[in-house]
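A.B. asks: Structure provided below as structure tokens; questions to follow.
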Amino acid sequence: MHTYHTPLDLVRQRSPERPVAIARPDAVATAARWFQENFRGDVFYAVKANPSPWVIETLAANGVTSFDVASIPEIELVSQFAPGSRMAFMHPVKSRSAISQAYFDHGVRTFALDTHEELAKIMDATGGAKDLNLIVRLAVAAEGAAYSLSGKFGVDTFEAPGLLLAARRATQDLMGVSFHVGSQCMRPTAYQAAMTQASRALVRAGVFADVVDVGGGFPSVYPGMVPPDLADYVDSIDRGFAEMMVHETTELWCEPGRALVAEGSSILTKVELRKGDALYLNDGSYGSLFDAAHTKWPFPVKLIRNEDGEAREVEGALKPYRFWGPTCDSLDHMPGPFWLPEDIREGDYVEIGMLGAYGVAMNTRFNGFGDAETIQVNDAPMASMFGLAKRSISVPKSDTANVVKLSKARGKKRRRK
Ligand SMILES: *Cc1c(COP(=O)(O)O)cnc(C)c1O
């Protein structure tokens, strides 16, 4: 991966014609170390958030050597770029052949499930293995999350005890519970609440969990969305864990995706045309801007202009713009608003920040686009939960459409060890 000091150097030296994924491995390394030092248990990286090889390698080099995978290609990716690491197959619905391959060819022992049928499938496809770690995914309330992840997966409260009991009987190794409070969870107490729900199900089943997996959902910073401190999330989880019916050796796991990688990448796009307040870019909803289009997230932006052999960041009076992507599909539209200088024009570059999670990962080749290269820079991300940059991204006062305001949760800061 070629390294430039900053995106300005890239633009000055190369004037790239295709979109460029700008990798900031230092930001991923910092996030990895934060979770290692502050989460009182094992950290599994949810690979789907960003499966780039440099991400897997950077995490592994910084102590995150457990991975939450959902498919055989993700398992192969982790085997290749973080050999010897531990993997948990946390997709609650798997094909029989994927289960067999994971177990027999890749040494995966941990499998999630949310039905009796899936439990039977796992037992069958592993030849009745006795060394499985079986994790029962519970459906929990997703209050305070930008994306709910409980509609599709998770056993409901009434059926959970029977499934927990069946999983307990099916393995001589670890039986656990997991949930996902929803992605970009803005409320730390959602974890404690979910753990209370999990605890009730365990009590009703009359079994102890060997693993409590609190899933992902840890937030990052976006314009108008400034989450509470990540330490507050860890505190909520510690409190929840302390109140759970578990035994002394019960393990605590988490599966962050977004929080580990959001700061780690941005996208450099080029303005191909301006029509009033509409900018036609060379990347869009079929590229790295899926969330900007489909959930209308107003990602932070910077204008970079290349003029007279010099690339510089242009500031000054801002106005709101919307973006169109390069494909011919009219769904390829990112409404923003994205605040950029009034005189933006064809040939300018727009760096779109905080796209490390669910950005590059969503890229398709639709209509012949989506062929982005990846380079590395050493400057700071546009915002940071880990002290690498400011903690908030301001939005003009008038622009409240996409603003989520939540008060900062209280809670005594506590550190592990
Ligand atoms: C997507 C996913 C995660 C990661 O979620 P984030 O909100 O990105 O932290 C974790 N666990 C499972 C099972 C997932 O599907």
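Placement of Cβ uses the backbone N, Cα and C atoms for every residue, glycine included.
Not my notes, these are from TrEMBL:
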type	residues	note
ACT_SITE	CYS328	active site, proton donor
DOMAIN	32-262	domain 'Orn/DAP/Arg decarboxylase 2 N-terminal'
DOMAIN	267-352	domain 'Orn/DAP/Arg decarboxylase 2 C-terminal'
MOD_RES	LYS48	N6-(pyridoxal phosphate)lysine
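Are these features on the surface or tucked inside, and what touches them?
C.D. replies: Secondary structure at CYS328 (active site, proton donor), as computed by DSSP, is coil. Applying an 8 A CB threshold to same-chain residues 6+ apart, the list for CYS328 (active site, proton donor) reads ASN367.
Using a 10 Å radius centred on the Cβ of LYS48 (N6-(pyridoxal phosphate)lysine) and all shown protein chains, the other Cβ atoms total 19.
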A.B. asks: Mean pLDDT, the domain 'Orn/DAP/Arg decarboxylase 2 N-terminal' (32-262)?
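C.D. replies: On average, pLDDT over the domain 'Orn/DAP/Arg decarboxylase 2 N-terminal' (32-262) sits at 95.
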